[in-house]
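Residues annotated as domain 'Anaphase-promoting complex subunit 4-like WD40' in TrEMBL: 502-583. The repeat 'WD' annotation in TrEMBL covers 54-86, 321-362, 527-561, 570-604.
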Amino acid sequence: MSITRESLWAALPSTSKGVPLHISYDPRSDRLVYASNKSIHLRSLSKPSSSTQFTGHIAATSVAKFSPSGYYVASGDISGTVKVFDSSSTTEDPEIVKGNFAIISGRINDLAWDSDSKRIIAVGDGKERYGHCFTFDSGNSVGEIAGHSAQINAVDIRSVRPFRAATVADDSAMVWLTGPPFRFAKSVRGEHTNFATDVKFAVDGAYVSSVGMDRKIVVYDGREGDVLAKVDGAHTGGILGVAAGKKEDGTPVFATASTDGRVKLWTYKDMSIEELYTWDVVTGEHLVGVTFTAATNLVAVSLSGDLYYLSTGETTPTRTIYGHQKAITALKVASDGKTLYTGSYDGRLVEWDISTGNSTVVAGSGHRNLVTSIVEASGKIYTAGWDDTVKAVSGTEFTSLSLSAPSQPRGVAVAGDYLVLATEDAVYTHTTELTSVATYKCNSITSVCASDSFVAIGAQDGSVTLLTVPDLKPTSANIPASRASVSALAFSPRIDDQGRLLLAVGDSTGKIAVVNANDGSIVTTRWAFHTARVTSIEWRADGKYAVTGGLDTNIFVYSVDKPAKNVKTLGAHKDGVNGVAWAGDDKVVSIGADACVKWWNVSL
């Protein structure tokens, strides 16, 4: 008996409006690395459904960079901590942390490795200092980062000797550093007239480019830091990212990403900056970062975290990777077994192809905030959100079918041919065309589930009420009350061999009781291995096993016949499991606060 992880569909990069995002690419392993929530993701470029998650940070992560050797990753978070870990770790291997250093007393905005993969410069928004240079293994100081009067947004180190480093900051200056040990050499001011957001050396070290919210590009000499050329109005919006690469013939080039939704390719030649190519990446949304992958191929990141693959010869993205940035709060495996729907804290609904991991954002008038439930009835997908609406989905689009809830929905369930909507103080049945059928008033509702014949509602006081469908009349069954607030409910999908309809009742302390819904008798109370709130329960199709997820980050598979035994995986999702579901008799899918979708093989 075991449960092992099969695959991980990674979260998208965490972004903020007007803040540059720094991502990194390793050509040896063909992987991107970026920060998302409290994790770092190392994601395959050619197979995005394959990735590795590093969860060693306690605070929200802000940046991650591969070392030039590709063997290590340095990552920073909002507390000012930098961790260096082995990039070769797989999903099965333990995370190998090489170093853990407190660098500044604030957010780490950017990191840069030297070409020897020995030294790191970390910069950000500190109180005593805005950056520091140190060795990757021991943390010994190898210089001082000075010269700025505001938070440093970006740093880069020249890849050829003599080493140089450049930093740009909110004070609009570019500071030039020589070393190692790295020391202040000079400050270039007056070129940028607004926040300077990013800086990159050319791959051959001949020049360095800086960009800013003033829509300007400035190119400096790569050895001395003198201004060589500049372009005003390079984009119609602020420029948040710059990346360095080279063409097939070895000519150095650089790319810029802007809030105007475009990426442009440039080269420096004969004391001037020449525009080579423009990609219209996305309309109406900011681009916050860009990196080269191979030759003139790039990946750009939008404010929503979507990854856009770009290639010369195509003016639009050749591929787009969608997913979630925020905690995933609801999921549903479609009845065809081929599609997964997930909804997140920000209201985004994503459709996934289970066989490939490819994803598409459901288009149309969706939810404005947290998606609480996703269910399927009569071939349609229905969703409920904290914007007090229930919506219908067909394929990859929201339909015009919608229902305004009287108050904030606690959840939606399917009872035969009816939809059951639970709010804080009432339960409603509707047809699949969202026509009202019946209403039942009840205080402090926390959860809901339904079978073909019954609706179960859990309350803050631990009580569980059974109602008939569709008229919502209370039954005679007396379900024993939990000692804590009811947090999850689930009916078994079938009547067992003893004629019982089983109901699993999970509470906020991690305890789960299984009762017979026909008469309220207790079947077992030994499903009690969660140490925090039970967030999700789902029965396997045969009704003999149930998978559960909890705020304690753990997943358990319990048995009705052997209630004292279980199969578990600990630390399944950073900061908690929000939902679990069966996708066959031996496969489970889970979602969590880390915005990831994870697939598990279960052997019973």
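Yeah, the Cβs are placed from backbone N, Cα and C, and that goes for glycine too.
Those TrEMBL annotations? Automatic predictions, nothing curated.
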Where among 54-86, 527-561, 570-604 do we find the most Cβ pairs under 8 Å to the repeat 'WD' (321-362)?
570-604
Contact set, same chain, for the repeat 'WD' (54-86): CB under 8 Å, 6 or more residues outside the stretch:
14, 22-29, 31, 33-42, 95-117, 120, 122, 124, 126, 136-137, 159, 571, 574, 594
Looking only at residues six or more beyond either end of the repeat 'WD' (527-561), which have a C-beta under 8 A from one in the stretch?
3, 487-496, 502, 504, 506-514, 567-582, 585, 588, 590, 592, 600, 602, 604
Residue counts in helix (H, G, I), strand (E, B) and coil for the repeat 'WD' (321-362), per DSSP?
0 helix, 21 strand, 21 coil
Calculate the per-residue pLDDT averaged over the repeat 'WD' (570-604) and state the result as an integer.
97
DSSP-derived helix, strand and coil totals, residue by residue, for the domain 'Anaphase-promoting complex subunit 4-like WD40' (502-583):
0 helix, 44 strand, 38 coil
Go ahead and report the DSSP secondary structure tallies for the repeat 'WD' (54-86): helix first, then strand, then coil.
0 helix, 19 strand, 14 coil
